[in-house]
Amino acid sequence: MVSVPKQLLFQALLIACNAFFASMEIAVISLNTTKLRKLADEGDEKANKLLKFAENPAGFLSTIQVGISLSGFLGAAFAADSLSEPLVDWFLSLGINLSYSFLNSLSVIFITLILTFVTIVFGELIPKRIAQQKSYEVAKACCGVISVMAILFKPIIVLISGTTNLFLKMLRLKTEAEDESVSEDDIRMMVDVGGQSGSIEEDEKEMIQNIFEFNDIAISEIMTRVSDVNAINIEDSKEDILKLIKETGNSRFPVYSEDINNIIGVLNSREFLINLNDNSDKSIKDMLRKPYFVPETIKADQLFSDMQKNKIHISIVIDEYGETRGIVTLEDLLEEIVGNIYDEYDKAELPEIEKLDDNKWRVQGTLSIDDLNDELGISITDDRDYDTVGGMIFSCLHTIPEDGKQFNVSVNGLDITVTRVEDKRIIEAIVKKQEVPHDNENDESLTN
């Protein structure tokens, strides 16, 4: 019979083998393939070998699995066979008067529990934690041994793989695992985890989320509404056009004939200024580019792709009746992903909604009702004839307010103080939620 110290030494050796295989498995799985490819291109032979393991893990993982399984089975078998008898003798020496067969079974259970605990801690968890933190160093140190063992274990691996494939075919299952496609939800989850751990910055996280939401955004949510569009009448003088270019700094302007619903072209500011500087006799009509019309229902991602493909910088948004609803530029679309883009000449835009205290918000008249609902946690229904805060306020009025006038409105459970009116449009207002909602949801009042 093998002595107990030698048997314990043998068990320690098997646990060390288990630790070796377990750490190598995690180390290779955790490797950065981009970094490995770079090192391999620079002539690093070990990096090249590890790259083969990482890119084709089937054979490598089979070798690892055989090694781990052999270490575990041999350890359990030898421990039960060699250590149970000395343990039974020890129990008997303590005066435990039970049958030999019962004490033998008890010894096997006791040895198995102790061996399992030691193997999990020292043969699995600790080496795997080390391999996660030092993946390249561990993999580099062990790859030579694994390569040799892959050759030694090849007959066993071929036998195991063949048997496995045979049973899979009998069950009419595929013998090769299909690569799992990564879903949008998987990527969103990884981004959230990266944001929490700090590996992804907040602005990077927001940009990635914006990309996923891009294909769900309707152009009507992005466009500059027709009431805010700086457009040129084909009858305007060159002096008036020059003044508009100086005031706005826009690079392109929609040009209409008679009214804004009859867009006939787009004027490029640069082309206009060059012709003006050269004292060219070229008329405004001759400078116009063909307008690009899109329906207001088109999604942002589709329009972005179309504008890129057709080299379009500005699109005219029309409704089902052919009337102009607004315009969308490439910059508007990009800002949905990266946020507001300013140059040195742009004035910083005021936020469409700004919280002043627990129950007070400053809002722009152009703020959409959907965004108002989200920010205030309310639910103004879709059964309405307006899309913006300005439209909601106008729905309460019987007359058009004069420029500069301030007044109060109560509507949809909100107390609204209009603070700015310009060009017959609601520019800015202060909104409060009523503490006690009206019994009649349609109750509206106007106080001058």
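Cβ from N, Cα, C; glycine included.
Remember, predicted model here, so these are calculated numbers, not experimental data.
Annotated domain 'CNNM transmembrane' per TrEMBL: 1-204, in sequence order. Residues or ranges marked as transmembrane segment by TrEMBL: 12-31, 58-80, 100-126, 138-160. Summarising the annotation, TrEMBL assigns domain 'CBS' to 223-282, 287-344.
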(message) Can you work out which residues elsewhere in the same chain, 6+ from the ends of the transmembrane segment (12-31), have a Cβ less than 8 Å from its Cβ atoms?
(response) 50, 53-54, 57, 60-61, 64, 67-68, 71-72, 74-75, 78, 118-119, 122-124, 126-128, 130-132, 134-136, 138-139, 142-143, 145-146
(request) Would you mind listing the long-range same-chain contacts of the transmembrane segment (58-80), meaning Cβ under 8 Å and 6+ residues beyond its ends? (result) 7, 10-11, 14-15, 17-18, 20-22, 24-25, 28, 108, 111-112, 115, 119, 123, 146, 149-150, 153, 156-157, 160-161
(request) Using DSSP, tally how many residues of the domain 'CBS' (223-282) sit in helix, strand and coil. (result) 23 helix, 15 strand, 22 coil
(request) Determine the mean pLDDT over the domain 'CBS' (287-344), rounding to the nearest whole number. (result) 89
